[in-house]
Amino acid sequence: MSKLYDLVSDYAPSGDQPTAIKQLTEGLDAGLAHQTLLGVTGSGKTFTLANVIAQAQRPAILLAPNKTLAAQLYGEMKAFFPNNAVEYFVSYYDYYQPEAYVPTTDTFIEKDSSVNAHIEQMRLSATKALLERKDAIIVASVSAIYGLGDPEAYLQMMLHIRRGDVMDQRDILRRLAELQYSRNDIAFERGQFRVRGEVIDVFPAESDQDAVRIEMFDDEIDCISVFDPLTGVVKQRDLPRFTIYPKTHYVTPRERILQAIENIKQELRERQTYLRDNNKLLEEQRISQRTQFDIEMMNELGFCSGIENYSRYLSGRAEGEPPPTLFDYLPHDGLLIIDESHVTVPQIGAMYKGDRSRKETLVEYGFRLPSALDNRPLKFEEFEALAPQTIFVSATPGNYELEKSAGEIADQVVRPTGLLDPVLEVRPVATQVDDLLSEIRIRAVKDERVLVTTLTKRMAEDLTEYLHEHDVKVRYLHSDIDTVERVEIIRDLRLGEFDVLVGINLLREGLDMPEVSLVAILDADKEGFLRSERSLIQTIGRAARNLHGKAILYADSITKSMKKAMDETERRREKQQAYNEKMGIQPQALKRNIKDIMELGDITKSRKQKVSKTVPLSKVAEPSLSYNVLTPQQLEKEITKLEAQMYKHAQDLEFELAAQKRDEIEKLRQQFIANS
């Protein structure tokens with residue numbers, strides 16, 4: 001049998017990787033429903049998973065706990081499988097405010113959102129890959145458990161064109177309009193088509209760089225070509241057939257829309273009667289007005305704002321049935337891999353109840369019909385029923401994963417680089433600040449970095465101020481810092497712009513920082529979720545990528561959580577040391593290009609686009625920019641122009657450039673105030 005996956009890597013599996021790959025692959029072949037990969041920080045878990053997928057020869061969904069880790073995972077998988085369909089499926093909202101009603105203040109908040117067009121294209125590309133190819137790897141966030149269009153309706157709506165078919169040009173254009181493509185003969189963009197004589201050009205919604213040209217000879221399809229929409233260069237000519245996918249996952253055949261409208265009218269009548277009987281006349285008037293407007297829009301245009309609230313009728317599902325999700329697109333032999341499962345699994349369980357609470361208020365006060373409650377994420381038990389064979393991946397698996405795996409745990413403790421887990425020390429709380437200061441000075445001389453984790457925001461602020469007064473280059477990472485700036489701060493730490501990063505819940509799961517040689521955990525003996533066994537192991541793991549990694553736990557007594565975390569770290573060190581001695585391995589420092597890590601998740605950039613080496617890395621604090629003295633009118637114009645550029649960069653996920661523009665705008669605003 002020919003291999004589906006082409007795994008490209010300069011390295012062969014080493015350390016614990018071969019054993020883990022063999023165990024997981026054999027488990028899949030034996031039909032095990034759940035397995036766990038217990039992989040420590042820096043042990044090459046992603047490479048192990050890539051090998052498992054390649055050997056299993058099956059499509060897979062990889063779930064990550066957030067967009068940052070999903071982007072990192074996507075970048076790594078893309079590098080391992082350049083010739084396969086590695087796709088990215090996360091929420092396409094740059095900004096999302098769901099509709100909500102606050103009864104206490106009688107405030108209705110309209111739904112407001114900003115959709116990232118590029119991520120929308122990648123989502124469509126992901127479902128297309130699952131429908132068309134066996135070698136699909138989809139890296140997704142928890143967005144995968146939210147309602148998506150019904151796969152049956154989606155497949156039914158696809159437009160198949162074949163060379164030699166007899167089709168009236170108007171029929172093709174009508175079908176494209178049904179797929180929600182719009183005609184634009186001037187600006188040709190994704191999700192649009194244009195007509196020039198007997199030639200129809202279509203820019204498929206799921207494509208980022210290819211468009212299709214349909215050439216007609218009277219009513220016959222004479223030629224089908226694929227071309228570059230920017231240059232017009234034909235890439236493939238005389239294709240025998242081509243399939244055009246709908247512009248959105250929420251398309252529905254006309255007959256089903258008409259049937260859905262009848263069902264909505266019936267439910268509206270029942271709801272009106274109920275509200276009148278309970279003397280809720282304002283709510284009855286609200287629901288009538290809103291629903292009738294939606295019905296009119298669906299009749300005329302085939303869709304309406306908030307059409308997902310009628311998904312029960314549009315998908316033909318019964319009340320209470322689970323909504324269609326990404327898992328409905330996954331073939332029956334697919335795999336599910338849950339990364340950082342100790343975080344991701346609880347996330348999946350939490351989504352349903354939060355969504356339900358908000359919608360029940362909307363239904364009660366007449367803003368939505370009760371059927372809107374079926375537009376929801378999956379319940380946890382529904383997710384369990386839908387999930388195919390699953391591999392949980394974590395350095396600290398939760399009780400749920402361990403229970404489900406029933407002893408089927410692949411231990412990946414030995415790192416290919418030979419690096420050991422950090423050396424642990426427990427020191428008294430009384431002198432923790434002064435002791436920490438002396439440790440920081442030792443690291444600063446060696447050009448190494450330090451992470452310090454505290455229990456409270458106040459303590460983190462006071463400690464940062466104290467260290468700053470003692471001439472330590474320190475920054476404080478807190479909850480008010482947005483994702484963009486957080487990434488910049490991490491990069492600046494790695495570049496040596498400062499030596500110490502203080503925080504509360506410091507990146508227990510996240511990006512690699514090989515420069516960090518010391519992790520200091522203050523008040524480690526205060527039991528709680530920030531000092532639980534798993535939290536401590538994850539925090540200690542931040543120093544595991546450094547040759548001289550060390551973790552200091554400041555405590556007056558050793559708690560159960562500390563004891564378990566210390567025992568587990570010691571177990572790992574002993575196993576790693578024994579392997580190194582047996583194989584004659586000398587631990588090697590991990591060198592990872594800083595720019596590579598920061599660009600790993602920049603998925604919106606063209607694969608061909610290269611970043612110039614002369615472009616300086618932007619920093620959290622740029623040197624002061626000089627501006628000529630401008631009039632208030634000129635300043636206003638300049639601010640408007642920069643804001644447009646900032647939003648464009650943010651839409652394209654070019655967060656560093658967006659932050660740069662934001663800082664420029666702030667300086668101009670201050671200048672504007674001073675001049676006014």
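Residue 1 is the first one shown; counting continues down the chain.
Backbone N, Cα and C define each Cβ position, glycine as well.
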Select from 20-43, 92-115, 164-187, 332-355 the stretch of residues annotated by Swiss-Prot as motif 'Beta-hairpin'.
92-115
Given the recorded ATP site (GLY39, VAL40, THR41, GLY42, SER43, GLY44, LYS45, THR46), which additional residues of the same chain have their Cβ within 8 Å of the Cβ centre, ordered by sequence?
THR48, ALA395, GLN412, ARG415
When you scan the chain for residues with a C-beta under 8 Å from the motif 'Beta-hairpin' (92-115), skipping those not six or more beyond its ends, what do you find?
123, 305-306, 358, 361-362, 365, 367, 650-651
Which chain-mates of GLY44 (ATP binding site) that are at least 6 residues away have a CB under 8 A from its CB, listed by sequence?
GLY15, GLN17, GLN412, ARG415, PRO416
Which ones in the same chain are close to THR41 (ATP binding site), with CB under 8 Å and 6+ residues apart in sequence?
ALA395, GLY541, ARG542, ALA544, ARG545
Quick one: among the binding-site residues SER43, THR46, which has the most Cβ atoms sitting within 10 Å of its own Cβ?
SER43
Nonlocal neighbours by CB distance (under 8 Å) for GLY39 (ATP binding site), same chain, sequence gap 6 or more:
ALA20, LYS45, THR48, VAL393, SER394, ALA395, GLN412
Need one number: mean pLDDT over the motif 'Beta-hairpin' (92-115).
84
Enter the number of other CB atoms within 10 angstroms of the CB of VAL40 (ATP binding site).
25
Assigned element (helix, strand, coil) containing THR46 (ATP binding site), judged by DSSP:
helix
